Amino acid sequence: MLKFSKMHGLGNDFIVIDAIQQNVQLSTEQIRFMADRHFGIGCDQLLLVEKSTSADVDFRYRIFNADGGEVSQCGNGARCFARYVHDQGLTTKETIAVETASGVIYPTIQADGNVRVDMGKPAFAPEKVPFMAESEAVTYLIDVQGYDKVEIASVSMGNPHAVMLVDDVDTAVVEKIGPVMESHERFPERVNVGFMQLVNSETIRLRVFERGSGETTACGTGACAAVVTGIRRGLLARDVTVSLPGGQLQISWPDENASVWMTGPAEHVFDGEIAWSTLQQI
Ligand SMILES: N[C@H](CCC[C@H](N)C(=O)O)C(=O)O
């Protein structure tokens, strides 16, 4: 049997698998099957807990979207990862160093049960996102099929984000623009699409249509992307409460050369197991 834990960060949910104590080799099709909410277990992303590849890092963290594609960062997943390794007794450290495909992040489990994560520095250079643009700008006007020119900000939080301002997230046509933007030709690796409503300089509302998973109830890297691009646009303060459909995250970006800090919950729901024979039929 393959053992897993089901966890979530504000409803952005994960299948978390200990690939240190279990020998785990999953194909893209098997990940897609496990993520399927009707025929499988169901999740937005599947997270693999692995041994780190260097001495000064505690763990390696691999992230797969529901479509089976491996990606290089996940904010809500980072908080659940920290909660998981702590609760499973895989570490006794308060702050752990976690290697991801886009660099090392540092989650800390706080006394109040929330998890605070140093998410590293944002990257705005188009080639870092990657986003096809003549030169770097605070915002870009892009042609979106079926819509007039759309103004976006673009940033990498270790994964690609496009953020647009909307008057009201409740009436934003996320389900229409999201898929078109996700696979926009100017984002060669596709993109996570944030819809940000300004409440005041310290509070935003946000919905995110995630690359490879569709709209989720929360997106940690999306919250970071919305705040740093909002600060660069002169719209936000350095500490912002981000209100997502699944709940709130606190995001802080102390200055242009600093890491982005994300604080929020990480919940364990249940443990389960799935027969290898079931997976071998996929
Ligand atoms: N869909 C994202 C990965 C998960 C990010 C999100 N779940 C988060 O909390 O940051 C991507 O393709 O880059």
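Cβ atoms are placed via backbone N, Cα and C, with glycine included.
Just so you know, the Cβ of ASN192 (substrate binding site) picks up 28 other Cβ atoms within 10 Å once every protein chain is counted. TrEMBL lists ASN12, GLN45, ASN65, GLY75, ASN76, ASN159, ASN192, GLU210, ARG211, GLY220, THR221 with the feature substrate binding site.
Residues annotated as active site, proton donor in TrEMBL: CYS74. Annotation for CYS74 (active site, proton donor): same-chain Cβ neighbours under 8 Å, separated by at least 6 residues, are GLN45, LEU47, ILE63, ASN159, GLY220, THR221.
The active site annotation in TrEMBL covers CYS74.
All protein chains shown were included, and the count of other CB atoms within 10 Å of the CB of CYS219 (active site, proton acceptor) stands at 35. Taken from TrEMBL, the feature active site, proton acceptor applies to CYS219.
In the three-state DSSP reading, PHE270 (site 'Important for dimerization') counts as strand. Taken from TrEMBL, the feature site 'Important for dimerization' covers PHE270.
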Conformational class of THR221 (substrate binding site) under the three-state DSSP mapping
helix
Please list, in sequence order, the residues in the chain of ASN76 (substrate binding site) that are at least six apart in sequence and whose C-beta is under 8 Å away from its C-beta.
HIS8, GLY9, LEU10, ASN12, PHE14, ALA218, CYS219, GLY220, GLY264, ALA266
List, in sequence order, the residues of the same chain other than ASN12, GLN45, ASN65, GLY75, ASN76, ASN159, ASN192, GLU210, ARG211, GLY220, THR221 whose Cβ lies within 8 Å of the centroid of the Cβ atoms of the recorded substrate site.
ASP44, ILE63, VAL71, GLN73, CYS74, GLY77, VAL208, SER213, THR216, CYS219, GLY222
Around the Cβ of PHE270 (site 'Important for dimerization'), other Cβ atoms found within 10 Å total 8
Other Cβ atoms within 10 Å is the metric here; tell me which of the binding-site residues ASN65, THR221 scores highest.
THR221
